[in-house]
């Protein structure tokens with residue numbers, strides 16, 4: 001028993017030290033517990049380090065290949081061709097060992113990440129102020145000033161309109177710029193009436209009330225109370241107007257209800273393997289294994305479960321390998337996967353413009369959403385019945401479990 005306890009202690013010590021690799025190191029796949037130096041950006045790993053003291057052998061990426069970050073990749077990623085600058089873009093930087101070819105939209109245009117096309121930047125109209133400027137991947141945002149304010153060009157803020165003082169009259173109202181006033185000799189100014197005539201009614205009480213309102217609106221006001229304001233347009237209300245507004249309200253309510261039901265269905269929709277058995281890809285050991293299973297008959301088995309590894313933390317090789325399988329013209333390809341992820345036909349139609357990079361762009365957009373783990377993508381591929389693509393993610397989800405006798 002003492003020997004077993006000592007061996008268990010040594011195993012625990014080796015486990016602790018195996019995860020103490022620094023930021024620019026990685027744990028050796030051939031020798032667990034050995035930390036090897038990562039190759040720099042613009043390089044790839046030719047040979048892994050060993051216990052004899054030989055460091056990692058790195059080589060510079062060949063021409064038209066690159067790596068962006070420190071890595072232990074066995075090869076560099078190929079740069080895109082100039083034709084990859086589609087959607088109205090043009091190349092602004094050639095391929096280097098540390099970066100792919102860079103594309104950009106022309107001046108006064110931005111790259112729409114939903115339509116994959118260069119679009120014109122929004123220009124603020126009169127009476128609007130700029131909230132945020134047009135950027136590489138973002139359109140400009142404008143805000144219309146509220147009534148009673150105007151845009152101050154120097155500060156780009158909506159400021160309150162000025163009021164004419166006593167002895168002045170309005171020459172130009174405050175709409176696009178501040179109020180313009182002019183002095184007059186009259187002591188009292190009665191501004192134009194801004195009140196619409198009340199609607200006709202047969203109710204005696206309403207007729208009395210309307211008469212009182214009419215008398216109050218005809219009384220002259222002093223120039224001190226007069227303020228710059230926009231003219232009020234009067235409209236005659238008819239029965240057909242009320243019917244039109246009522247029908248419009250019904251249509252809006254029905255549309256909101258349909259959107260609500262559709263959103264609930266999307267939220268409730270989950271891949272089948274999140275609730276059922278987890279299927280291993282054909283060609284791997286284990287078969288159908290219950291989620292979170294333990295060892296059987298005292299022997300360790302391999303199973304998978306949600307390990308909260310985000311897909312955007314995986315290497316570029318994983319995306320490229322998935323693209324090799326899913327960029328095909330078969331029925332069960334990236335296009336069907338996009339539908340399972342909740343994307344619409346407009347999004348997939350834009351991806352079809354670049355068929356050799358459709359899967360890469362799909363996964364690049366999907367990984368920016370919340371909860372996009374490797375396990376969720378594995379479940380989607382299982383529902384898609386793509387064992388070849390599942391096999392790419394399988395090593396990232398394996399969890400080795402041992403029997404109780406081995407833990408003593």
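The backbone N, Cα and C atoms fix where each Cβ goes, glycine too.
Here the structure is a predicted model, which means the values were calculated and not measured.
Positions annotated as signal peptide by TrEMBL: 1-18.
Annotated domain 'TNFR-Cys' per TrEMBL: 60-103 (among others), in sequence order. Confidence over the domain 'TNFR-Cys' (60-103), given as mean pLDDT on the 0 to 100 scale, stands at 93.
As annotated by TrEMBL, disulfide bond applies to 61-76 (among others). The Cβ of residue 61 (disulfide bond) lies under 8 Å from the Cβ of 42, 43, 44, 67, 76, 97, each of which sits 6+ residues away along the same chain. DSSP assigns residue 61 (disulfide bond) to coil in the three-state reduction, outside any helix or strand.
Per TrEMBL, the feature disulfide bond maps to 85-103 (among others). There are 17 other Cβ atoms within 10 Å of the Cβ belonging to residue 85 (disulfide bond). In the three-state DSSP scheme, residue 85 (disulfide bond) falls into the coil class.
Marked as domain 'TNFR-Cys' by TrEMBL: 104-142 (among others). If you look at the domain 'TNFR-Cys' (104-142), the same-chain residues 6 or more away from its ends with a CB under 8 A from one of its CBs are 86-90, 92, 150-151, 156-158, 175-176, 346-347, 350-351, 353-354, 361, 365.
Its Cβ taken as reference, residue 121 (disulfide bond) is surrounded by 15 other Cβ atoms within 10 Å in the chains shown. Summarising the annotation, TrEMBL assigns disulfide bond to 121-134 (among others).
Around residue 142 (disulfide bond), the same-chain residues six or more apart in sequence whose CB sits under 8 Å from its CB are 122, 124, 125, 128, 129, 130, 131, listed in sequence order. Under DSSP, residue 142 (disulfide bond) is assigned to a strand (E or B) in the three-state scheme. What TrEMBL records for 124-142 (among others) is disulfide bond.
Among the features that TrEMBL reports, domain 'TNFR-Cys' is placed at 144-181 (among others).
The disulfide bond feature in TrEMBL is assigned to 161-174 (among others). Over all protein chains present, the Cβ of residue 161 (disulfide bond) has 19 other Cβ atoms lying within 10 Å.
According to TrEMBL, the transmembrane segment annotation covers 242-267.
Summarising the annotation, TrEMBL assigns domain 'Death' to 319-397.
With residue 103 (disulfide bond) as the anchor, the candidate disulfide-bonded residues are 121, 161, 174, and the one with the nearest CA is 121.
Residue counts for the domain 'Death' (319-397) under DSSP, split into helix (H, G, I), strand (E, B) and coil, are 55 helix, 1 strand, 23 coil.
A gap of 29 Å separates the Cα atoms of residue 161 (disulfide bond) and residue 134 (disulfide bond). Around the Cβ of residue 134 (disulfide bond), a 10 Å sphere holds 19 further Cβ atoms from the protein chains shown.
Cβ neighbours within 10 Å of residue 174 (disulfide bond), excluding its own Cβ and spanning all shown chains: 23. Secondary structure at residue 103 (disulfide bond), taken from DSSP and collapsed to helix, strand or coil, is strand.
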